[in-house]
Amino acid sequence: MANRLQRGDRSRLLLLLCIFLGTLRGFRARQIRYSVPEETEKGSFVGNISKDLGLEPRELAKRGVRIVSRGKTQLFAVNPRSGSLITAGRIDREELCETVSSCFLNMELLVEDTLKIYGVEVEIIDINDNAPSFQEDEVEIKVSEHAIPGARFALPNARDPDVGVNSLQSYQLSPNNYFSLQLRGRTDGAKNPELVLEGSLDREKEAAHLLLLTALDGGDPIRKGAVPIRVVVLDVNDHIPMFTQSVYRVSVPENISSGTRVLMVNATDPDEGINGEVMYSFRNMESKASEIFQLDSQTGEVQVRGSLDFEKYRFYEMEIQGQDGGGLFTTTTMLITVVDVNDNAPEITITSSINSILENSPPGTVIALLNVQDQDSGENGQVSCFIPNHLPFKLEKTYGNYYKLITSRVLDRELVQSYNITLTATDQGSPPLSAETHIWLNVADDNDNPPVFPHSSYSAYIPENNPRGASIFSVTALDPDSKQNALVTYSLTDDTVQGVPLSSYVSINSNTGVLYALQSFDYEQFRDLQLRVIARDSGDPPLSSNVSLSLFVLDQNDNAPEILYPALPTDGSTGVELAPRSAEPGYLVTKVVAVDKDSGQNAWLSYRLLKASEPGLFAVGEHTGEVRTARALLDRDALKQSLVVAVQDHGQPPLSATVTLTVAVADSIPEVLADLGSLESLANSEASDLSLYLVVAVAAVSCIFLVFVIVLLALRLWRWHKSRLLQASEGGLAGMPTSHFVGVDGVQAFLQTYSHEVSLIADSQKSHLIFPQPNYGDTLISQESCEKSEPLLIAEDSAIILGKCDPTSNQQAPPNTDWRFSQAQRPGTSGSQNGDDTGTWPNNQFDTEMLQAMILASASEAADGSSTLGGGAGTMGLSARYGPQFTLQHVPDYRQNVYIPGSNATLTNAAGKRDGKAPAGGNGNKKKSGKKEKK
């Protein structure tokens, strides 16, 4: 009676469970992957279960989401409020997976109302929480003093339970004169440190050596452990023990009992006494193996003292050391293979089931979900599950070791009202082990995700001048769907770059997502591309997503510096710069100006003097390019100085350019013109005739000018003498004031400004001489005849002519303002000075400026065919940007002894006589400073 009541209660419970689960219609299995670092605090976030299941957090408890697998699942839990998978306890990767490099914990997540099972795989990421350590506090090694160099001595292995890069990586030995450290690899990838003797030992000199062995891992930060090593030098022991086998191999079943002998090793030593007694010990034995095996140090017998488990450790490799009393040792390897034994029967776990089914349910209706497991491996762990063939049901394998029990045909309640289904699981061991369970079933009267990119945007970098077809970047989109719905193809949006279709620059592999360059990019053309990658799955209808990708072109040093000044002539000639012989050290001769089309460090330029005809005479500013005198010019210095200046950028590798400068050393134009013939003859013998013509022409002009001056002087003396006679004859007449203006009777012709423009081009076949052209804008103001002397007359003549003039008249008169020039006419940065400012002509710089202007003008004319200087006065034909940045230095005045007939003015440069104004006609024929016309 009691049994009937129990059966009735059981039936009612099964009926209620069938009604509760009667609405279950589908099943779907998939795997969810998460990762979490070890030693994470309890309650830490692992993954968003609700999001991955497509549920709201509040629906998890309502729909019966729970973890159903066994094992290490107590380490994780589902938070019903947040819908997250969290840690439920301390996670120690070394405890869970020990030496396994990849540590995964698998569990199953069941959605109760839909009978869906999800595989959850959590990867435990190792952190560097363990430092390498040695089991011994101190290691003592005994070495014979007659040990030959190259002898090896075993060192202890450090232990680091971490894996991967955080595990033990290397060893270091403290510096010493006798020993070195070498690592010997093992079959499992580990390395054993060995102490190698590098030199002969002498016990009488040093009986012991203290060393320090340090083990380091590869974590960040690096952890290390050290053990002191004391090397004791012993007396002679000339034989080492020898094992009978170099490798001992043995296989033992996993169910071997404790205390059973595994094998016995044997080593012999021909020495006598203590040197022939061999002691056995494990060398560099792992802590886990030391708990299972033990070695008799006297006999060499290896025994099992712990329990073997094939499922944990399948193979052991140990080194056994045989050492005699003299400290010599030898090693052998013992390989123990654990053989699996079918000692575990399969286990059947019903994760979910129904106890009632509609009779008209279509074939394939899910009745129950079950899991079968076997702790054995190999054939012993291969499990097959089956049910009796006469039942209208069948088992289908779903995921891993999970099965679902479904109907194979339509059930008829009128024929059978209930079924007792027996499930049997059998492994493939010998003998096979099996397990079974029962399911009672009563027959009652009666389905997304676009591809997702891991990042919201990407940035890729490619150096310019890349080869066509080079791989630039790779994008990957993940689709949580499966099969066709997870097949992702990639494409680019149809955009344009500078009016050119994007497809002409880059392309993408539709299957792999690899981006390729179709052209060689130029950083100077454009520096970045903005792309948008589209990922589309193969579902129906297809779903897609896109992501932005910024492609940045990196600059390379592909442009050499370009020299702007001095410009390279088209006829192969070189421009000439002027440096007066009176120039002091640091005098600015010229400036080399260069630019680089690259950017950043590739465009940083430095200047250096590569070659000079007179070493040590000139120096070049490293960062400015200014060419200055390094010392005072000497008479022995050649008139023509050749300089080779190199301009180099800071790219990798650096690129450079060179320019050759020719500097003429002279104090004045006549000196240059006098030596011009010799300069040209030295430069090129073929131009000697042309140089001769130039010298003859200049000499002729000088002679004509000298004759003209003599005539004017004679005329002036004659007029003066005539005026004295008139004064003597007309003594009773009222005196007329002396005119303060120079007459127009021929003296004005002398006051015309003559410009001798000479183009000197070194190493050229051409030279130019432009004859003087008058400038009628200059006027000299006459002074009283007794205010100053005429230096060109001898003292006696002066006394006769001047008569009773004041003896102070020999003082130097103030300069004529007509010899002043505007600031804009001075060499320097073009356009940087106010054109209205005036200043006295620099001492002894008139010839220098004229020669430089003429040199630059001729260089420009050689390049563009022009007969003018091209630039404004004082600019030397340079633009405001690239003009040489220098100021002419003052040198001793030589014009204070020059007298101009018919005028009381001298070519002196007395201070304090400036009127701050430019002469009335001083700039009549001059142009403003400006950039040279480009052709």
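Numbering starts at 1 and runs along the chain as displayed.
Keep in mind that glycine also has a Cβ here, set from the backbone N, Cα and C atoms.
Model, not experiment: these values are computed from the prediction.
Just one residue in ASN266, ASN904 has N-linked glycosylation site written against it in Swiss-Prot, and it is ASN266. Between the domain 'Cadherin 6' (571-677) and the listed ranges 30-134, 135-243, 244-348, 349-453, 454-563, the one holding the most Cβ pairs under 8 Å is 454-563. Secondary structure by DSSP for the domain 'Cadherin 1' (30-134): 18 helix, 43 strand, 44 coil. Residue counts for the domain 'Cadherin 5' (454-563) under DSSP (helix as H, G, I; strand as E, B; rest coil) come to 7 helix, 51 strand, 52 coil.
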